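Visitor: Got a structure here, written out as structure tokens. Questions coming.
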Amino acid sequence: MSKTNARKPIYKSLYVQVLAAVTIGVLLGHFSPELGAQMKPLGDGFIKLIKMIIAPIIFCTVVIGIAGMEDMKKVGKTGGLALLYFEVMSTLALVIGLIVVNVLQPGSGMHIDPASLDTKSIAAYTAPGKMQGTVDFLLNVIPTSVVDAFAKGEILQVLLFSVLFGFALHRFGGRGTMVFDFIEKFSHVLFDIVGIIMKVAPIGAFGAMAFTIGKYGLGSLFSLGKLMGAFYLTCLIFVFVVLGIVSRLHGFSVFKFVRYIKEELLIVLGTSSSESVLPRMMEKLENLGARKSVVGLVIPTGYSFNLDGTSIYLTMAAVFIAQATDTPMSLTQQITLLAVLMLTSKGAAGITGSGFIVLAATLSAVGGVPVAGLALILGIDRFMSEARALTNLVGNGVATLVVAKWTGDLDMQRLHQGLDQPSLQESQEPEVILDQQVAHMAVAKSHG
């Protein structure tokens with residue numbers, strides 16, 4: 001066995017390091033809450049490091065993918081199929097959440113009087129003007145300036161500019177070769193930076209978890225444990241049953257895929273942010289044989305439109321509040337709730353605290369269910385956000401592979417090789433694997 005493929009000692013595995021860091025963070029937050037709460041800057045710092053690199057990585061990936069394509073019609077086809085998939089799956093997630101919360105009824109028997117709830121804590125989420133309309137949302141996709149889009153890290157704005165830049169570079173043909181080569185080399189530097197940042201992922205996961213447990217405590221988990229259990233169960237059903245069926249129909253196993261991205265899942269568990277692994281997910285999906293142009297379009301768009309975990313949360317939280325406050329909801333009202341959420345969940349994409357903003361706007365629009373009931377779930381929202389982020393991450397990964405297969409841009413041999421031999425993949429950093437693949441392609445091209 002070559003040195004490159006030699007398996008690393010277990011203590012050097014990022015998976016083991018993050019798992020240990022999360023465990024230590026939980027213990028510190030539980031036994032020393034005050035000290036645990038002070039660890040917040042460690043988690044925030046790691047997420048900021050990742051966000052620093054997301055916009056340029058999306059730009060390079062999308063531009064290289066589009067400018068290197070022979071058929072420009074494929075870009076529009078890929079985008080259209082991705083949006084169709086997102087709409088179907090997010091609607092399915094809303095429906096499943098609605099069914100499970102009606103069957104398990106986690107809020108039944110609580111008999112909460114809405115007038116007795118402290119609404120000051122939710123004022124920031126229910127203030128007028130927080131919720132975007134459809135027109136405002138679409139206009140917000142267009143940046144005021146390119147610099148502004150990159151400076152603020154607005155994913156959809158960066159994606160729009162990247163697509164236009166890729167189209168323009170493609171039209172230049174041979175005259176744009178120098179620019180194309182520069183962007184391609186620049187992307188390798190960016191992914192190397194990601195590799196450096198990921199070395200401190202355990203520190204970020206430790207800080208974020210210590211803060212969460214230190215501030216909110218394990219007690220808040222038990223006080224609303226029935227809702228927590230129902231929500232986590234629903235997310236598991238969605239990932240391993242719904243996405244499992246979708247994966248099987250497209251020739252791969254969701255169980256193997258989850259194992260393949262286990263390091264990313266652990267980092268998301270620790271940080272409660274699926275954005276913290278966006279660059280690394282893009283690399284790993286390319287390593288599985290998905291074309292760069294598909295990965296570059298589907299993943300960033302999915303982070304705004306394909307939030308399966310958030311969709312499950314929205315219907316379950318809304319009906320839970322109705323059950324807890326003894327507010328009857330007829331079938332017609334629940335169907336109306338579903339229809340409104342199909343629209344409002346898209347309008348709040350990318351907004352901080354979007355779960356509460358969407359819920360507040362939706363409950364107000366549907367009527368009947370007291371908005372004050374949001375105060376009930378505020379205390380456990382942080383813990384539920386972890387399940388949301390994990391489900392969103394797996395959902396976007398599966399979506400990318402499915403859309404790539406639909407458009408004929410998925411190398412099934414590489415997919416099965418990557419999923420069936422995880423030990424080989426784990427023995428190397430994704431950046432190393434990607435660089436090796438680029439080198440092989442360059443050699444093949446020179447011989448061709």
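Just so you know, glycine gets a Cβ as well, placed from its N, Cα and C.
Per Swiss-Prot, the features are:
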TRANSMEM  13-33  transmembrane segment
TRANSMEM  49-69  transmembrane segment
TRANSMEM  81-101  transmembrane segment
TRANSMEM  149-169  transmembrane segment
TRANSMEM  193-213  transmembrane segment
TRANSMEM  227-247  transmembrane segment
TRANSMEM  294-314  transmembrane segment
TRANSMEM  335-355  transmembrane segment
TRANSMEM  357-377  transmembrane segment
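Please go over these features one by one and say how buried each is and what sits next to it.
Guide: Tertiary proximity for the transmembrane segment (149-169) is limited to same-chain residues at least six positions away from its ends with a CB under 8 Å from its CB atoms, namely 51, 54-56, 58-59, 62-67, 72, 75, 140-143, 176, 179-180, 296-297, 300-301, 303-304, 349-350.
The list of residues near the transmembrane segment (193-213) in space but at least 6 beyond its ends in sequence, with Cβ under 8 angstroms from a Cβ of it, reads 14, 17-18, 20-22, 24-26, 28-30, 33, 35-47, 49-50, 53, 57, 266-267, 269-272, 276, 279-280, 283, 382-383, 429-431.
Listed as Cβ neighbours of the transmembrane segment (227-247) (distance under 8 Å, sequence separation of 6 or more from its ends, same chain) are residues 89, 92-93, 96-97, 100-101, 104, 106-107, 221, 253-255, 257-258, 308-309, 312-313, 316, 320, 377, 380, 383-384, 387-388, 390-391, 394-395, 398, 401-402.
The list of residues near the transmembrane segment (294-314) in space but at least 6 beyond its ends in sequence, with Cβ under 8 angstroms from a Cβ of it, reads 58, 61-62, 64-66, 75, 78-79, 82-83, 85-87, 89-91, 93-94, 96-97, 155-156, 158-159, 162-163, 231, 234-235, 238, 274-275, 278, 281-282, 285-286, 341, 345-346, 349-350, 354-355, 358-359, 362, 384, 387-392, 395-396, 399-400, 403-404, 407, 409-410.
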